[in-house]
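I have placed the structure first, in the form of structure tokens, so that the comments after it can refer back to it.
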2 protein chains.
Amino acid sequence: MALIAPVCPAAPTRGGCRHRSCANRARVPPSVERAGRCLGWVAAGDGARKRGASVATSNIEIAQRAELWPITRIAEGLGIPEEALEPYGRHKAKVALSHLAALRDRPRGRLVLMTAISPTPAGEGKTTTTVGLGDALNRIGERAMICLREPALGPVFGMKGGAAGGGYAQVVPMEDINLHFTGDFAAIAVATNLLAALIDNHIHHGNALDIDVRRVTWRRVLDVNDRALRDTVIGLGGPGNGYPRESGFDIVVASEVMAIFCLASSLEDLKNRLGEIVVAYTRDRAPVRARDLHAHGAMAAILRDALAPNLVQTLEHTPAFVHGGPFANIAHGCNSFIATDSALRLADYVVTEAGFGADLGAEKFVDILCRSTGLRPDAAVIVATVRAVKYHGGVEVADLASEDVAAVTRGIVNLERHLTTVRETWGIPAVVAINHRAEDTDAEIAALVGAVEAAGARAVVAKHFADGGAGAEDLAREVVRLCAEPVERGLRFTYPDEAGLWQKMSAIATRVYGASGITASTAVRAQIRRLQEDGYGGYPVCVAKTQYSFSTDAKLRGAPTGHSVDIREVRLAAGARFIVMVCGDIMTMPGLPAIPAANTIDVTEDGRIVGLF
Amino acid sequence: MALIAPVCPAAPTRGGCRHRSCANRARVPPSVERAGRCLGWVAAGDGARKRGASVATSNIEIAQRAELWPITRIAEGLGIPEEALEPYGRHKAKVALSHLAALRDRPRGRLVLMTAISPTPAGEGKTTTTVGLGDALNRIGERAMICLREPALGPVFGMKGGAAGGGYAQVVPMEDINLHFTGDFAAIAVATNLLAALIDNHIHHGNALDIDVRRVTWRRVLDVNDRALRDTVIGLGGPGNGYPRESGFDIVVASEVMAIFCLASSLEDLKNRLGEIVVAYTRDRAPVRARDLHAHGAMAAILRDALAPNLVQTLEHTPAFVHGGPFANIAHGCNSFIATDSALRLADYVVTEAGFGADLGAEKFVDILCRSTGLRPDAAVIVATVRAVKYHGGVEVADLASEDVAAVTRGIVNLERHLTTVRETWGIPAVVAINHRAEDTDAEIAALVGAVEAAGARAVVAKHFADGGAGAEDLAREVVRLCAEPVERGLRFTYPDEAGLWQKMSAIATRVYGASGITASTAVRAQIRRLQEDGYGGYPVCVAKTQYSFSTDAKLRGAPTGHSVDIREVRLAAGARFIVMVCGDIMTMPGLPAIPAANTIDVTEDGRIVGLF
């Protein structure tokens with residue numbers, strides 16, 4: 001398997017390249033903001049060759065070469081009539097909420113949750129595996145759809161590249177999905193920022209609600225990675241510009257509006273939840289809500305069109321809803337409920353992904369999303385790579401490309417714990433998908449498969465990145481088998497509704513993270529007590545912590561035990577109806593690297609976008 | 001003509017309502033940010049009755065009742081094939097740039113410029129008259145199109161309401177056009193903000209270009225009216241967040257990217273101009289351009305889809321391009337050149353509007369847009385209202401509803417000067433359109449018509465607001481007559497390209513504003529000299545001043561002479577290729593009023609947007 005094109009010109013300048021199969025990939029420097037990046041070439045694997053590609057090809061090139069079907073044809077396959085579609089060009093469409101609401105008495109299909117091992121910084125491929133599994137399910141004769149989160153625009157110009165899958169497992173049109181798509185995130189940003197403007201405007205015009213300018217919690221958002229906006233002082237320049245105060249900006253996916261958007265079951269529910277957002281406190285510490293500012297109606301009007309899910313297709317024409325995209329740390333990290341629920345009425349199998357590893361994404365999927373909406377996964381797929389297992393076995397990033405079977409055996413503990421949580425704690429039948437990479441050796445894969453089997457589950461190698469849906473047929477068959485198994489008890493939550501907030505956090509820490517307990521400062525304990533007293537005790541907890549470890553220390557790999565989880569900060573998300581417990585440094589506005597992707601992204605004279613991957 | 005519905009509940013709280021035909025309209029308080037607003041009811045005029053409407057109706061209600069044609073049918077009428085359309089729903093579409101580029105060898109149709117008398121704060125109705133004239137031209141058998149600016153989203157939630165026309169002269173779908181439309185402004189905001197992030201990111205990562213953090217001129221933008229963001233300090237919070245510095249936000253229409261977007265002739269031209277933007281100066285005062293930050297390729301990629309013009313229709317199915325919308329003070333205030341030029345290849349008559357009165361909007365249309373693009377108007381329509389003429393005749397806003405023929409006779413001087421400039425200075429055949437209002441008396445109209453005729457021109461009463469295109473047929477016939485007149489000399493500019501910047505500003509002040517001359521501080525003079533030395537002397541001048549007076553004093557109505565124009569500030573727009581001369585207080589980020597429109601805008605359970613007008 002040879003790399004043909006010149007790869008990764010930037011990587012040599014500062015450590016390695018993170019792009020799959022890039023020759024310079026060996027070293028991934030620990031810094032989150034890395035300078036170097038590969039230009040997006042991938043190896044000319046079997047899949048590429050099968051499709052007649054004789055040279056190495058980037059994600060965007062594969063996507064641009066794809067023959068897309070008209071979106072009306074994709075919709076027709078789902079039984080969605082043309083009049084229920086709002087087309088955005090020929091290959092994207094929103095499906096009218098009125099049409100989807102009418103499907104709600106149909107029985108739901110099978111729901112498959114895509115989750116993962118604690119990831120390495122490169123990510124282990126949940127999105128590609130979701131695409132590959134969807135394609136494979138269709139190939140083996142099932143009627144399948146996938147549901148994904150919309151990529152944020154900001155990171156595309158940083159170092160993340162696109163988030164529409166990769167290789168031969170992508171959703172398309174890839175550039176559109178990675179750029180403005182259908183404008184949902186722009187609408188969410190405007191709704192968020194209008195609310196912010198209404199707060200400062202209220203204070204400026206007399207502050208009848210007695211808002212304490214020191215206690216405005218609502219922040220503005222942009223869909224740009226812009227570290228300079230994390231901490232700001234606004235309202236400077238004299239009385240005409242309002243009252244100076246400290247504030248800041250987050251990236252749009254971190255807005256509570258995004259979380260609400262993805263949890264809402266209808267336009268009405270959306271509006272109600274928007275009204276419940278607590279944006280500030282009075283000098284008497286009473287909450288001030290969006291409803292008090294009469295903001296929620298206008299915000300809902302701004303979001304009306306966005307709330308209809310976006311229909312696109314995979315490279316193999318599997319229908320896909322790509323809709324909503326809340327952060328998986330300070331929010332629950334799943335695509336919109338409306339998309340998933342609608343897909344379940346339209347298809348027999350729906351694959352959806354949760355953010356990060358199972359300890360974060362799947363936990364929130366279960367305890368926040370399933371709890372509030374009634375969604376119930378029939379099976380879970382836990383994506384692992386040999387690379388990630390070795391990483392948890394103690395191998396340094398620089399050495400991950402070399403064979404190390406012993407490290408696989410050591411690192412399996414991380415995967416095992418996720419598997420146990422998913423299967424035993426929550427009661428979801430699960431399979432491990434080994435997302436195959438070029439450098440994986442047979443011995444390593446055999447060790448991994450063996451270890452999973454020793455743990456009482458199955459592991460299936462999936463090669464969808466190189467081979468598309470054909471590479472994931474074994475996985476699809478195993479998923480179908482799992483879904484057909486008789487269910488013993490159904491989904492179990494990590495904690496009951498009626499547990500206190502402290503008990504809920506404690507249950508997550510001990511039952512999911514393997515911790516010995518939780519700690520918090522007196523101030524944080526008081527805050528939790530107050531939220532409990534104020535009637536928010538019934539809300540689930542949304543933990544913001546590192547995705548790289550079960551603990552709050554990103555460097556603690558494998559399956560640490562005995563650690564304790566310190567709650568640094570608590571935030572009320574009254575509209576999303578959960579309590580965020582921040583356990584570690586959480587960045588809600590990313591920065592750009594020294595050499596951002598924006599430097600190489602370009603558009604040709606004839607309108608072709610290049611440099612995006 | 002009776003008002004049937006309860007109107008303007010808010011107006012009594014603070015002065016009058018500005019909404020056309022609202023019973024409480026008499027008093028318009030001088031403050032720009034007024035508290036009260038009418039809920040958007042208009043009188044049940046002849047037009048409404050003709051259409052079977054038995055009760056008073058708001059703009060949005062008229063728009064929502066309209067039967068729209070599929071946008072494919074509108075396109076078909078223009079000879080645009082379906083494959084050249086990128087539909088956004090059923091009633092909006094972008095027309096592919098590749099298709100439009102192929103039309104460039106077709107002869108251009110007749111271009112009609114819509115401009116106005118110096119407006120009152122309520123505006124005199126250029127947009128409605130553009131719509132009405134377009135409809136009327138089609139009614140009398142011509143093939144006409146209109147070109148309009150896209151409304152900014154921010155002001156919709158303030159006090160401005162929508163900007164898609166009004167009454168029976170609207171472009172539709174009105175809510176879409178006033179809200180996100182096709183995402184163009186969101187794309188312009190992201191491009192602007194990405195450039196800003198790249199500047200601070202460059203400084204953060206070592207500042208190889210030696211950017212002086214005190215001399216970063218590029219500002220971020222939002223499409224929200226948010227006074228608290230006018231003056232800010234960013235980059236606070238420690239080394240990880242960059243270097244603290246002063247900065248601020250403008251509304252998106254004030255971005256130089258918007259001006260460039262509307263002047264660009266192609267994607268390539270757009271990218272080149274984006275690269276030329278001067279964003280900062282080094283400590284040696286050398287300019288730093290977007291190109292130096294490698295930002296222009298990514299910015300152009302972000303704007304690629306937006307650059308294709310948006311096709312919609314009027315209530316009477318006249319095709320309309322609604323595309324781009326730069327400020328008319330710090331920018332040139334016209335819809336995109338691509339839209340106007342394309343429309344001229346598709347229709348025999350194209351009506352397009354310029355911002356504010358003729359001294360600002362038409363002057364920039366001529367000296368900036370026509371100069372750089374080769375567009376040449378065949379006729380101009382100067383919109384006046386009896387109300388505005390009386391205002392210039394010295395009547396206070398509170399008394400404008402009462403008949404005052406003498407004031408009409410006095411106030412005509414303002415209109416006369418615009419007429420003279422348009423016809424004699426620039427050589428454009430012109431007609432005055434009297435945009436009819438319910439309270440206008442026959443005697444006032446007769447006085448106005450007589451005065452215009454005494455000045456050697458014609459004035460035509462137009463009733464498109466109440467009657468649609470039928471109300472503007474006389475105007476249409478006069479426009480056709482003007483366009484058919486033999487042209488003596490063609491368009492003349494206010495100043496030649498080769499004049500110095502000071503001379504250019506001086507020519508505008510004396511020839512268009514009737515001023516005796518211009519002044520500037522030593523610092524501003526030095527700045528102008530430096531721009532001249534740096535090679536920007538060939539650029540046209542873009543004046544930012546009040547639209548309410550020929551002078552820089554908004555209170556000086558009529559046609560002041562002998563005044564002098566002080567240049568307070570000079571700004572280089574190197575990508576837009578003009579020099580902004582700021583003559584007065586110019587607000588580039590509006591605020592919200594005490595009772596913003598957002599309070600009443602809402603969406604019903606079945607998805608109907610209400611409260612927007």
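Even glycines carry a Cβ here, placed using N, Cα and C.
Curation does not apply to TrEMBL; its annotations are automatic.
Annotation comment: TrEMBL describes A:T120, A:P121, A:A122, A:G123, A:E124, A:G125, A:K126, A:T127 as ATP binding site. There are 23 other CB atoms within 10 A of the CB of A:T127 (ATP binding site), with all protein chains counted.
Under DSSP, A:T127 (ATP binding site) is assigned to a helix (H, G or I) in the three-state scheme. Same-chain neighbours of the ATP site beyond A:T120, A:P121, A:A122, A:G123, A:E124, A:G125, A:K126, A:T127, judged by a C-beta within 8 angstroms of the site's C-beta center, are, in sequence order, A:A116, A:P119, A:V383, A:T385, A:A388. Annotation: A:G125 carries the greatest number of neighbouring Cβ atoms among the binding-site residues A:P121, A:G123, A:G125 [cut-off 10 Å, Cβ to Cβ]. Under the DSSP three-state reduction, A:P121 (ATP binding site) is assigned to coil, being neither helix nor strand. The local packing around A:T120 (ATP binding site), expressed as other Cβ atoms within 10 Å of its Cβ over all shown chains, amounts to 20. For A:E124 (ATP binding site), the Cβ neighbour count at a 10 Å cut-off comes to 25, with all displayed protein chains included.
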